[in-house]
Ligand SMILES: NC(=O)c1ccc[n+]([C@@H]2O[C@H](COP(=O)([O-])OP(=O)(O)OC[C@H]3O[C@@H](n4cnc5c(N)ncnc54)[C@H](O)[C@@H]3O)[C@@H](O)[C@H]2O)c1
Ligand SMILES: [Zn+2]
């Protein structure tokens, strides 16, 4: 189409005296023509980013070419384009230089005109180039994001970022034109659109209420304008503009006009212009922490709400304003609090402490001196002052804090007279009635809360009514839709948060939606947050479905989300179970008049709950013109049957909503508990609400004076501390008030029994449980009853102080406990914001209207200690409890564990018998199971109390059968010490138990017992030990396998108790450490090569995401390995190596194979890893913060590697992002791992600089810093902590660019970081020695550059001295005859060399003397280590009892030293010359060496280990008489004596 500009309609806005802002749709031809005709130039340069170039550049080029073609100027002007990378990183000095180089290269001159096409990044960057290029050239802004249109392009601020901060270098430089083409927004991602809407809402909020009203009521139309692409340039001319396009443009123009006006008055930001910083003071601080994950507008959105809360707290803005702003921002998908899941789930969110935010705010440009300035709203559309207002820190920090504490005291406003917010129940009913009604209804005193906001938003979305505000928002005007409702646009769900009332009411409302003839495939979907999805709605769905409505539960049966087909409500007879919630009844009643037939509603299923709410609904329906008849039987007794006629509600012109009676219970209770008086207006005897009876039915009976008129209630409390308990009160008609009653009862003398509140278990949380658990923290006991609870009151002085109350996101829990905290010091109410549901300004009202001071508490900084774990607070010698089925080997494992820990083993059954003087079996026989379980519980309690340290305690298999015992164990595992579940395959247990008799037999199939108990075992334990051995009894074991198992038992228990954590020692700075990444689907494939594979490795990484069981292997697509398979894999690995395991579940986004969306499964696997006692756990920092905290809490002695991987290549090691990620990772990790991607060799040096700088910081954590890819290999050589390595024998590399240990050593050498050292063998004669071959082969295999040579000399003389003095000397072996002669040349001997009295190894060691490095020579003797290793391969240390050493030379010395070290009992020493043996024995006075002349020993004293140190040729020895004849022993043989293992045939 021949473009013409004549049919283009633009709005022009003037700024700084020029009409330079031109707004419209599809402006490209218009832009080309305007620029070329009004800004003559030789060169036009359009600069944009790659995203936008792809979408829009092709439209610009022909327009400019055409216009230039028509130009008569000679030479013809040029049109150049430059496309740069998108994103904030381009807004840098380098980015600016690139553009400048381009301009210079193309010989651009002073007259060039630059066009900035793009978002704020392009605008700021290109604007700054224009400001300085050739001392300033002309430029135009063509913003393509909403943010750029309404904010960054207007005002002339340009800037770039530096690593020190954003926008620090820049200039004011006004563009010639700003072309706002709203059609660009059609390609903008919606999140970016919302980002800009934050600024639009901001501008309206400070300046123009009318604009604000338009924004708050039209979000869906405004979204529609960008979501439907306009064809054929629709919108370019006014005649082709759709309604929503017009609306969008007017919103943009409105916003720009305000900004242009403010800029014109105050271009350089001296006062008025500060107003546009509304929301930014706090918003910027949040952004500084969350950037770049959370966008500017999103942070400003939260900032605006926090800043309005400050206005409210200062008593300047009413809750109405806060509520409207909140709802409006939410309707544009913007977050309004940092607890929004989009933010709360980010690990960075935990850095948002109040102190940190205040700290960042300190450097705000608006501040004057140290005082902070914030834009304070006085109402929507107006600010308190024409500039930002000074606000004290204390006020800001109170608002920012997530938790509150109440300062106990007498209310200073006493006697208090106040009204409470509108009733939630009445507000919600009124909204539905007025929306369904005919005509306009003005609602007054409507509650501004989450619930009503959700309800209004949903009704608007259904096009059921339109809402507008009057009286500065005090009055809501509802234009009723008379029951006409339509399905929301496809893909748009009605999200109800945790608003139960809205969910129940709207379910029936949605059945009323009529199908539109052309779009009958659609359904209405209502959904909520996680808690809402658990709250029941089943009976309502059942009743409506039975009546013919089509309602589908999309996730779990009887819960949200629901998909409701629009085909109207049929009507007729409906049966409804009404014992769970009266809201089901009200829901049907409210909608009933609009059914196709009149409805008869019959309530079934027993006792109807909360009748007063049903009566309330009926009363309100009457006010709106529909009369419901409740049937009665002949005797006049009311029945639960209601007749509702068909009809249409007639809206009364005005309706005033009664104050909330449940809310009123809090100030009244405060009067009761503090001995003061409180009068609540607008609630009295005439109230529709059951809770209005609270004062008379509860407080009066507790000893208060209560007076009530039709419309007023006054309570005067007795003197403080004199409240009395009520023996029994049925609160069925005021269930919501039971929490308040419970809080008061806690300090009333006596026991208060509250009944009729069973339904409170299925509210926002299980409220009965919540009250019991939280009161327990104060030391107040309660007893849970079927339909209520009994509170055992305590004197105020007895209650615990300093309690932190968890509120379960339940407003009533929070407010009930704030009542109690008016008399109990230092009570912290966590999650103070949950009151928003019904009384958003509760804390302000508590302070301002009641006169009780409230302070903010920052839990974030209280918890800032970061990586503390629950279990690290345990005492290191806390006893270990073992649980598991009978027959899993608890005793076997327990005894060995105790031996290796040096602790005492205790069998609970035996303890039982000693204590009760009767065996377990006999006890059950005599007294039955129940009595036994009770006795067993007592025993458990006494074990926990009396054997709390230094014991390994094996418990009976049935200990988990009672919940009381489970609680004891769970508590122990959390607060005191490890509880280990010993697991073993069930079929083996069955086999084993068939032969065992010590315990009473099971009365049911053992398989069933196992199934029932298994989840309990897991629930009660902190760790799993998988006992893989085929047989639990040790006598039938093969010694090699057995010793692997024993070593593993020792490793496992020493690690988890912390007695000897199995951690790598080489993580300190200056040392290098490596882990090998196992990439097998099944680690058993590695076993044939395990020794070669693990050479040089300090740990093994188990890549859990790559594990595949046989079943999983065949599956195509995503596989999540089962916990069972992974546990098995860990157990397998433990059998072949004691190296620490790094347990990693790498997600796809982070370069692994684990599906990203399976976060829960990933966390479950990580938890399983900790249970299995893995030493290192890799935790990705992008996991939800809650999960991270959980893992940290459970880590015990294991360590967390907090990791972050950037695969995009965008992360710069000298940028802000990497620092941010490091900070997050370091905040909870013991080790930090950051992986980037190198695009050049250079990137590795930047990485190295970063890592070095980090390493210099005080308290730096071990840091793994690596670049992926071939270009990044260098970083793997430079990295020193836990460098992940691969091995040529592995199936594939875990990451591109990964090197082997050998390759890294070679590279280090070539780089000069790893000089070659000289190693020698000193001795004579040595020419036949194999040592050089062995060593040099080893060096070669590991890629070490060293050389090992023979050094044969006739004595220890000058030659050896010279060799030792050489700085390249790496070490030496010393052999006969110099093992003693060498000693004078050495500086120090190791204890072993000292004891053995000979040196076979010389090691040069680096030492520091007053900061000066020096070298000493250390003599060691390693013979004993070889001997020790040979022994422990076959027997665990604990099994070595009696040993025999043959020979009395130097090696025999080493053998005795090894055996002594292993804790052997008697060591027989036999030598041909007994005298020599005796001399040797004398060297070891502490070892029990017994010289024997003949191989003979006392009965039962036969050695179970023999070490022969004499050459084979010399040893044909005759064994003892009872032995098996003669033994021929090779030199240095270490034998497991056949006297113990003859049965299995192994070991010889
Ligand atoms: N100068 C000022 O007064 C001022 C005011 C506010 C913000 N800023 C600056 O603005 C910058 C942020 O601007 P932004 O939010 O526009 O981000 P942006 O420029 O990075 O754009 C956001 C993303 O959207 C893409 N995009 C832009 N237009 C598009 C379109 N029409 N269709 C599809 N994709 C499109 C971009 O390529 C980019 O990836 C920040 O650097 C901030 O400092 C400046
Ligand atoms: Zn902004």
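Cβ atoms here come from the backbone N, Cα and C positions, even for glycine.
Listed features, source TrEMBL:
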- 269: active site, proton acceptor (ACT_SITE)
- 284: active site, proton acceptor (ACT_SITE)
- 834: active site, for EPSP synthase activity (ACT_SITE)
- 1205: active site, proton acceptor (ACT_SITE)
- 88-91, 119-121, 124, 144-145, 166, 184-187, 195: NAD(+) binding site (BINDING)
- 135, 151, 157, 167, 199-202, 259, 273-277, 280, 296, 365: 7-phospho-2-dehydro-3-deoxy-D-arabino-heptonate binding site (BINDING)
- 199, 280, 296: Zn(2+) binding site (BINDING)
- 884, 885, 886, 887, 888, 889, 890, 891: ATP binding site (BINDING)
- 82-194: domain '3-dehydroquinate synthase N-terminal' (DOMAIN)
- 196-367: domain '3-dehydroquinate synthase C-terminal' (DOMAIN)
- 1321-1402: domain 'Shikimate dehydrogenase substrate binding N-terminal' (DOMAIN)
- 1316-1548: region 'Shikimate dehydrogenase' (REGION)
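On the 0 to 100 pLDDT scale, the domain '3-dehydroquinate synthase C-terminal' (196-367) averages 87 in this prediction. Straight-line distance linking the Cα atoms of residue 884 (ATP binding site) and residue 185 (NAD(+) binding site), rounded to a whole number, equals 63 Å. Proximity to ligand 1 (Cβ under 6 Å from any of its atoms) holds for these recorded positions out of 135, 187, 284: 187. Most other Cβ atoms within 10 A: among the binding-site residues 166, 296, 890, that distinction falls to 890. All protein chains included, residue 276 (7-phospho-2-dehydro-3-deoxy-D-arabino-heptonate binding site) registers 23 other Cβ atoms within 10 Å of its own Cβ. A Cβ within 8 Å of the Cβ centre of 199, 280, 296, the residues given for Zn(2+), is found for these other residues of the same chain: 147, 151, 198, 202, 279, 283, 297, 299, 300, 303. For residue 296 (7-phospho-2-dehydro-3-deoxy-D-arabino-heptonate binding site), the spatially nearest entry among the binding-site residues 280, 885, 887 is 280, judged by CA separation. Each of the binding-site residues 88, 199 was ranked by the number of other C-beta atoms within 10 Å, and first place falls to 199. Neighbour density around each Cβ, counted as other Cβ atoms within 10 Å, peaks among the recorded positions 121, 185, 201, 834, 885 at 201. Checked against residue 121 (NAD(+) binding site) by C-alpha proximity, the recorded positions 201, 834, 886 yield 201 as the nearest. Assigned with DSSP, the residues of the domain '3-dehydroquinate synthase N-terminal' (82-194) fall into helix, strand and coil as follows: 50 helix, 34 strand, 29 coil.
Between the CA atoms of residue 888 (ATP binding site) and residue 187 (NAD(+) binding site) there is a gap of 63 Å. Residue 889 (ATP binding site) sits 66 Å from residue 167 (7-phospho-2-dehydro-3-deoxy-D-arabino-heptonate binding site), counting Cα to Cα. Across the domain 'Shikimate dehydrogenase substrate binding N-terminal' (1321-1402), DSSP assigns 29 helix, 19 strand, 34 coil.
Considering other CB atoms within 10 Å as the measure, the emptiest surroundings among the recorded positions 135, 280, 284, 886, 1205 are those of 135.
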